[in-house]
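*Asks:* I grabbed these lines from TrEMBL:
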TRANSMEM  31-51  transmembrane segment
TRANSMEM  63-87  transmembrane segment
TRANSMEM  140-158  transmembrane segment
TRANSMEM  178-201  transmembrane segment
TRANSMEM  213-234  transmembrane segment
TRANSMEM  246-267  transmembrane segment
TRANSMEM  288-307  transmembrane segment
TRANSMEM  313-334  transmembrane segment
TRANSMEM  341-358  transmembrane segment
Amino acid sequence: MSQTFEVTADEQAARAKPVGDDPRAVTARRIFRGALIFNTALTVFWLVSWATDSRFFFAEYRITRAALLNIGVTVVGFYVLPGLFWWGIKSVLLRWVGFDKAERRDAFSSRMDRPYDVGVLTSKYSERKIRIADMVGRRGRFALLAFAGLYFLYTEVLKNPKPDFATAFATNNLFEGVVGSWIFLGLFHVNGWVGAIFYGPQTRVMDGYLGRANCLLITTLWTAFKFILVPLSLQLAAVYPREQFAVVFGLIWLSYITTDAFAEIFGSLFGRQSIKVWGVGDVNRKSVVGVVAGFAGALAVNLALIGANGLMLGPWIGLAVVIALSNCLVELYSPRGTDDFTMATANALLCLAFGAWVL
C-alpha cells in the first residue's frame, strides 16, 4: 500500500518553490557553497603539490597530453555514457509509475527554478513505485561504475602487486574525484539533457527540491574520502603484505557498496519506510528490511572476499563480521547523503586497526 501525504492547496503553494530563507533553499545554498569551497581548496592544494613536485599527493599525475586524455576517457566512460543509459532507463520507469512528459521533465530538472512538491506526486502515484524508479536509476548507475572500478583495482593488484600500488591507486582516484566534483558543481543549476545526463539518474524524485543538493553532497564527501584515503593507503600498505591489497580494498569499498545497495534495493521493494532519519531531502525515511538486508549482503560479500583469497581464518572472519555490522549501524545512523563517506572511512580505519593490532 502506498503512503501519501495530505497537503492543502495553500500548503502546496508554500512548499512548492522555496524562496528566501526557506530551510530547503538555505540547505541547497549551503551545500553548494561548501562543495565549492572544499573543491577550490583541494584544487589549490593539488596545484601547490604539483608546483613543488610533491611525491605524496597526486604523485602519479602531471599535466601531460596523456593525463588529459585519461581525464577525457574517464568523463565519457564513467559519466556521459552511463548517464545516458540510466537516464533512459529511469525515464521508462517514470512512465511506468504514471508520470506524464512534463512531470518527467521536471523530475530531471534542477527543480530549483520551478514548483516541485513530493506530496502532490505521492498523492497521485504509488510512493513504492516512485521509490523503485529512484532506486533503479541511482543504484544501477552507481553499482555499475563502482563494480567496474573495483574490478580494475582487483585485477591490477592480482596481476602486478607493486609495493606502491595502494598509494598510487588512491592518488589517481583523488585527482579524478576533483575533476568530477567540478563537473557536478558546474552543472548544479543546469537543466535540459546535459543536466539530466550527469544528475538525472541518481537524483531521487523523493528528495524533491533537494535532489541535486543530495547528489552534490554525496559527490563532495566521496572526494573527501578519496583525499583521506591517500595517507590511509600509505599506512595500510605498511601493515599488509602486497598480496592482501586486493582483499583489503575490497573490504573497504565493496563491503560498503553492497550495504548501501542492498539497503536501498530491498528497502524500496519490500520495506515499510517507517524509520525517520535526518538528511538532505524532502522525505527521509529508512526501513528495517533495508537495514537487515544491508548487513546480510555485506557479510556475504566479506566472507566471499576472504574465502577467495584463502583467508578463511578466525581473525579475518571476525573482521568480516565487524565490518558488516559497522556498515549496518553507520548506514542507519548517518544523515542521508553522508553514509558513503562515513561507511567507507569507518571500514578503512577498521582495516588499519586490524592490520596494526591483530595481524
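Cβ from N, Cα, C; glycine included.
So that I understand the layout, could you describe where these features sit and how close they are to other parts?
*Replies:* Remote same-chain partners of the transmembrane segment (63-87), defined as residues 6 or more beyond its termini with a Cβ less than 8 Å from a stretch Cβ, comprise 50, 108, 137, 140-141, 144-145, 148-149, 176, 179-180, 183, 196-198, 200-202.
Same-chain neighbours of the transmembrane segment (213-234): 27-28, 31-32, 34-35, 38-39, 42, 56-57, 166-167, 169-171, 173-174, 177-178, 180-181, 184-185, 188, 199, 202-204, 207, 279-281, 336-338, 340-341, 344-345, 348-349, 352, counting only residues six or more beyond its ends whose CB sits under 8 Å from a CB of the stretch.
When Cβ-Cβ distances below 8 Å are used as the criterion, the transmembrane segment (288-307) is approached by residues 247, 250-251, 254-256, 258-268, 270-272, 274-275, 313, 316-317, 319-321, 323-325, 327-328, 331-332 of the same chain, each at least six residues removed from its ends.
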*Asks:* Among 178-201, 246-267, 313-334, which stretch has the most Cβ pairs under 8 Å to the transmembrane segment (31-51)?
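*Replies:* That would be 178-201.
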*Asks:* Are there residues at least six beyond either end of the transmembrane segment (313-334) with Cβ under 8 Å to its Cβ atoms? List them, or say none.
*Replies:* 251, 255-256, 259-260, 263, 275, 277, 286, 291, 294-295, 298-299, 302-303, 305-306, 342-343, 346-347, 350-351, 354, 358-359
